[in-house]
Structures are given as C-alpha cells and as structure tokens.
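J.: To start, I am sharing the structure in question, which I have written as structure tokens.
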Amino acid sequence: MGTNLNFTKGHGTGNDFVLFADPDGHMELSTEQIRAVCDRKFGVGGDGIIRAVRSANIAAGAAALAEDNHAEWFMDYWNADGSVSEMCGNGIRVYTRFLLDNGLATLAVGDTLAIGTRAGVRDVQRNATGYQVDLGRWRLDGGEPLVRVKNLSIARPGLGINLGNPHVVVALADDEELESADLTFIPQLEPEAADGANVELVVPHEPLVVNGVGRIRMRVHERGSGETLSCGTGAAAAALATRHWAGPGAPNQWRVEVPGGVLGVRMFPTEDGEHVSLSGPADLVFDGVLALG
Ligand SMILES: N[C@@H](CCC[C@H](N)C(=O)O)C(=O)O
C-alpha cells in the first residue's frame, strides 16, 4: 500500500517549496520520491522539499542540538533533484511560517526562534513585512573561479562566498546582459567547485546607493534546482560580493531585487565576527495530499 504525504505548498519571493511535518522522523523520502514530488508536470512542483522534524529525531539534527539546546525543530532541506543543502534562506522563513501556522511553535514579534539546519542553528525573528533570519558568519570561500554562462560572450571572474552553502557571484555590466543570460544550462566554473555552487548574476543599480542602502538586481542558478525566482542565501552572497567590489564606504544594508520580489540584506558586527541577515516575506499557498509512489 502506498503512503500519503500531507503537504503544504509555500514560497518566499517565488522560491517555492513543498513542506511537510514529520515531528518523529519516520518519513524520510527517497531521492526518487523527492524528484517526483518536485516535478512540475507530474508532481506538486517545487524548488525544494522541507521536512519539519524535531532535532532530537534526526541524525543531522545532532549538530544543531549540540550547538543550541533550544533548536527544537530542524529544517531538513532537499533540492528538487534530491540532493541535500546545508541551508536555505528563503526556505527557513517559509518553514518558520509553516511551524507557526500549524501550532508547532510560537514566535511573538521581538522574540527569536532557533531553527536547526545542516549549517548550524539559525535565529529567526518576525518583522513588519515577514521574517528576518540571522544567516550567521559568512566567509569568502571558493576563490575567484572563471564562470561561463550560456549566451554571455566571455567568461567572467566570480567571487566564492559561503553562507553555510556555497555561492559564486558574478558581476554583469547591465540589465541587458542580465536578461540575456541563459540559465536553463548550468553555469560552468573553472576550476569546478568540489560540492557544486549556486551561481548569482548581479547588476548594480545606478546610483548604487540611495539613502544609505545599496541596490542590486540578481538572477540565480541554484545547485540542485536550476534557475529559481529567488534565492535568499544567494541574495546575501550577492550583496556581500557587491560590497566587497565597491570597497571602503560601501553600505551594510542592501535591497536585492530578484525575479520573484525584493529581499533585504544587512551586515552587522557580532562577538564572533560579522554576520549577515536576510529579511523577506513567507507565504503558504495551499495544502494537499499526495500519494507517494
Ligand atoms: N533557495 C535557497 C537555497 C537552496 C539550496 C541551494 N540550492 C543549495 O544547494 O545550496 C535559499 O533561499 O537560500
């Protein structure tokens, strides 16, 4: 007899996910099942799947529990192709909304909810327009590989940035270039990234800074999912790379336009180094039941 999956479809600026609750950790999906659920023609469709499981009931949650006993819930994130990712910036906002709407957690404005992820514990807060997540300490990582994107004439240097998951950010000249990039093909990196990478193409607005806020546009090719309408950790990586290129005096607050909407990024000092936060909406669209093959 097949198993039924009770799911919720949600998205953050068009980066869409299939979420389901499995508090006791009994329902790990196979790679084939994840691909089938995320298939936009034959399944529900999504850029990834998020399983809501108590940290105590999943091996990958051990790290989260060790780091912070208050991370009751673990975000078990899978890309549409069945690969795991360490972190998802849009996903964690949508996941928080899912926990709250299903009575699995509470979060008053001004309070913080700790969520376990494969990248460690991440703190989420509610704000006026949605949710804000502290993505933790970022680092330059992955060097400056050459990036070849289909339809763009020459290879460009990228900048590797790690936010728990790997990113390579590439600056383009203008909106025309940004629109002409064909992201139905995986951008080629030289040298290749050992664990793959999410690739962000970025164009600065003119002027770059208005009222102390930096402004960029971005498109993204996500590892394991293809081109998506948005990527939260990607938006943070894009803002960090642009600030790096802009040099001293560049702002610590950024507005990142993605095809699915707008995200906010802020860099701030902490005792353990500079952190970066991401803010944006989190929407739940519909519930359903799917018969798993
Ligand atoms: N869309 C996410 C990132 C999802 C994971 C990514 N594809 C990876 O493999 O690292 C985000 O909003 O951050």
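Heads up, the Cβ atoms here are built off N, Cα and C, so glycines get one too.
Quantities reported herein were computed from a predicted structural model and do not represent experimental measurements.
For reference, TrEMBL lists these features for the protein:
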ACT_SITE  CYS88  active site, proton donor
ACT_SITE  CYS231  active site, proton acceptor
BINDING   ASN15, ASN79, GLY89, ASN90, ASN165, ASN198, GLU222, ARG223, GLY232, THR233  substrate binding site
J.: Given GLY232 (substrate binding site) and CYS88 (active site, proton donor), what distance in Å do their CA atoms have, once rounded to a whole number?
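T.: Just about 7 Å between their Cα atoms.
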J.: Name them in sequence order: residues not among ASN15, ASN79, GLY89, ASN90, ASN165, ASN198, GLU222, ARG223, GLY232, THR233 whose Cβ is within 8 Å of the mean position of the Cβ atoms defining the substrate site.
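T.: Neighbours found: SER85, MET87, CYS88, GLY91, VAL220, SER225, THR228, CYS231, GLY234.
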J.: Of CYS88, CYS231, the active-site residues given in the record, which has the fewest other CB atoms within 10 A of its CB?
T.: CYS88
J.: Please report the Cα separation of CYS88 (active site, proton donor) and CYS231 (active site, proton acceptor) in Å, rounded to an integer.
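T.: Spelling it out, the Cα of CYS88 (active site, proton donor) and the Cα of CYS231 (active site, proton acceptor) are 8 Å apart.
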J.: Quick one: pull the CA-CA distance for the residue listed as 'active site, proton acceptor' versus GLY89 (substrate binding site), whole Å only.
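T.: The residue listed as 'active site, proton acceptor' and GLY89 (substrate binding site) have their Cα atoms 7 Å apart.
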J.: Given the binding-site residues ASN15, ASN165, which one is most crowded in terms of C-beta atoms within 10 angstroms?
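T.: Counting Cβ neighbours within 10 Å, the top one is ASN15.
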J.: Hey, what's the Cβ neighbour count for GLY232 (substrate binding site) at 10 Å?
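T.: Its Cβ has 28 other Cβ atoms within 10 Å.
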J.: What is the number of other Cβ atoms found within 10 Å of the Cβ of GLY89 (substrate binding site)?
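T.: Excluding its own Cβ, the number within 10 Å is 29.
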J.: Sorted by position, what residues of the same chain at least six away from GLU222 (substrate binding site) have a C-beta under 8 A from it?
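T.: Long-range Cβ contacts: ASP47, ASN79, ASN198, THR228, CYS231, GLY234.
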J.: For the substrate site as recorded (ASN15, ASN79, GLY89, ASN90, ASN165, ASN198, GLU222, ARG223, GLY232, THR233), determine the largest distance between any two Cα atoms, in Å, rounded to the nearest integer.
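T.: The substrate-binding residues span at most 16 Å between Cα atoms.
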